[in-house]
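Asker: Starting off with a structure, shown below.
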């Protein structure tokens, strides 16, 4: 009896720390049988892993080890092989794709992407090809922008900001290059102007309207807004100078035309834009600090780069079909090509920014929308326009 009592005491002493650790695990969400989402499963699995280890080594847990162990738990529950690395990667990749792409509301419009290709291959009317590819670009541009933001979050603060300055308006730049390649210079000019007006008037106006209905007072950083407005004013002035030079120059003076003026101004604008990025990232970084909700990364870096390349190619394909059918649409429906460049092209490449602005307005984050709307315009005028000129 004494030996039994000793063994029982020993077992109780051994199990007590483990039981106390398990009881101290916080429950991350409503854990019931009727509602279990992936985030609850992920957090609960990580907490249970941490609780099963000694308390002194919890701070040294490798996140990659926890993630791989979580994936092995999922595979074990689904009946797959525990030793199949390929199955682990496939399950994890499908989880990222499901939560990052297929769970979005507007992505049902992706069905228009194959329809647009079919319309061009089987020689449907120019109006059908134009409309189908126009609608297909809307979700592709949104996915491209959000994937670019996800990649930038992996790169760190300075490289991420520089990458964002190049990638966020890539859809607009791709469409403009395709239109320019087809010789539609007036449409390109109209698209640059329409993009600036779309961000400054429609996106910013819808935000102030939606936010003003819910909140009486909305605050933003005045210094950062003034800096962005000054850069935008300088860029718009540089867009006017070549037209003014062409209108006022004499016909006999052809040695220094508007094309040379445009090249010179484009180089100046690119230098000014580089200095603006230095101002934003390095010297006055505190002016552009915005309180943002911490968002979970949707994709690992390799998958984000792969998806970004796929979305870029898809936008280029739709843009090519769209531009090829533009002239036929103009003749069939009597639409001016300038209207297409100023109104339709900016809408399809930036429609997601309008919905994002209204969503952010409900959270009273004026600084975030001002940075996105005015920042997108300042990127269009001193960066995209000079690149198209050169």
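Quick reminder: no glycine exception, Cβ is built from N, Cα and C everywhere.
Automated prediction, rather than curation, is the source of TrEMBL annotations.
What TrEMBL records for this protein is below:
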REGION    42-65  region 'Disordered'
COMPBIAS  44-61  compositional bias 'Polar residues'
DOMAIN    127-281  domain 'Sodium/calcium exchanger membrane region'
TRANSMEM  190-211  transmembrane segment
TRANSMEM  223-241  transmembrane segment
TRANSMEM  261-279  transmembrane segment
TRANSMEM  299-323  transmembrane segment
DOMAIN    304-390  domain 'Sodium/calcium exchanger membrane region'
TRANSMEM  335-355  transmembrane segment
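If you look at the structure here, what lies around each of the features I listed?
Answerer: Panel annotation: around the transmembrane segment (299-323), residues 93, 96-97, 100-101, 113, 116-117, 119-120, 129-130, 133-134, 136-137, 140-141, 143-144, 147-148, 150-151, 154, 167, 170-171, 174-175, 178-179, 182, 184 of the same chain, lying at least six beyond its termini, place a Cβ under 8 Å from a Cβ of the stretch.
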Asker: Where else in the chain does the transmembrane segment (335-355) make close Cβ contacts, counting only residues six or more beyond its ends and a cut-off under 8 Å?
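Answerer: Non-local partners: 106, 134-135, 137-138, 141-142, 145, 169, 171-172, 175, 179, 184, 186-191, 193-195, 197-199, 202-203, 206, 326-327, 329, 372-373, 376.
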